[in-house]
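Written out below as structure tokens is the structure these notes cover.
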Amino acid sequence: MAIEFTKYHGLGNDFILIDNRSSSTPRLTPEQAVNLCDRHFGIGANGVIFALPGTKDTDYTMRIYNSDGSEPEMCGNGIRCLAGFLAELEGMSRTQDRYRIHTLAGVMTPQLTEDGQIRVDMGLPHLLAGEIPTTLAAADAKVINQPLEVAGQSWDVTCVSMGNPHCITFVDDVAAISLESIGPQFEHHPVFPQRTNTEFIQVVSRDYVKMRVWERGAGITLACGTGACAALVAGVLTEKCDRRAIVELPGGTLEIEWSEIDQRVYMTGPAERVFTGKI
Ligand SMILES: N[C@@H](CCC[C@H](N)C(=O)O)C(=O)O
């Protein structure tokens, strides 16, 4: 059976989008997703995203498989790509359209803006160790600047969940971090029972930071939307950042705000269609 797909990227974080509106079950298995994400033998992507029918008063449901076949709760760059894909499927002009998307991390609301960007209400960050989850502190305590031993070195880490787990470390120079070797050791550290995404942050000023990321289930990526949101929250918790900042990633920049008014996190950035095809 032929399945049509569209390739999108958000700052180089790239996804295969599948129109799954006729069924509540993803049209591909995790194993098939792994094969399609392979950059040599498949299409090549950081993940596969399915646009499924909405549930519980939402317009659509988003499901996603990482390139290793695992299923994360949420994906920030992915939900912007999904919003662009849905606007395309519905034949709408890409301005002011807002979608309520059901995800495993709750309801998220991307909105297409007049300048072609997509602003997403990413919901509330979760800060308690039990919610992240991590055993680095008691379940009802926050993990802010806690020492964690990785690769024979002690790192001061701050943990934030944006529906999916993030472990953030502030460093003097992100370029000096050996992500390939250290990333997997954070991801699989026993203090993270559901593994973790890992972000290294260099604070340039209170409203501008540089970030590199090792993603759970995908490895090094050019950008991570939930990671950028978690990094800004960690920057505020550690008093290094203002509530609104630009996060510079290898693939480009995102604008992130942790609202003082409703305590929700808002992410603004692009989503670009690359090509379409048939599997
Ligand atoms: N790249 C994404 C995050 C995708 C999920 C992540 N790898 C996980 O397993 O939690 C983003 O832009 O947020």
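Using N, Cα and C of the backbone, Cβ positions are placed for all residues, glycine too.
Automatic prediction, not curation, is the source of TrEMBL annotations.
Copied over from TrEMBL, here are the features:
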ACT_SITE  C75  active site
ACT_SITE  C75  active site, proton donor
ACT_SITE  C224  active site, proton acceptor
BINDING   N13, N66, G76, N77, N164, N197, E215, R216, G225, T226  substrate binding site
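Taking the active-site residues C75, C224 in turn and counting surrounding C-beta atoms within 10 angstroms, the largest count is reached at C224. With a cut-off of 8 Å between CB atoms and residues at least 6 apart in sequence, the same chain places P72, E73, M74, C75, A105, N197, R216, T226 near N164 (substrate binding site), listed in sequence order.
DSSP classifies the residue listed as 'active site, proton acceptor' as coil under the three-state reduction. DSSP assigns G76 (substrate binding site) to a helix in the three-state reduction. Site extent for substrate: among the recorded binding residues N13, N66, G76, N77, N164, N197, E215, R216, G225, T226, the largest C-alpha separation is 17 Å.
If you measure from the Cα atom of C224 (active site, proton acceptor) to that of N13 (substrate binding site), you get 7 Å. Applying an 8 A CB threshold to same-chain residues 6+ apart, the list for E215 (substrate binding site) reads N46, N66, N197, T221, C224, G227. Other than N13, N66, G76, N77, N164, N197, E215, R216, G225, T226, the residues of this chain whose Cβ falls within 8 Å of the Cβ centroid of the substrate site are, in sequence order, P72, M74, C75, G78, V213, A218, T221, C224, G227.
Cβ neighbours within 10 Å of G225 (substrate binding site), excluding its own Cβ and spanning all shown chains: 27. In the three-state DSSP scheme, N164 (substrate binding site) is classed as coil.
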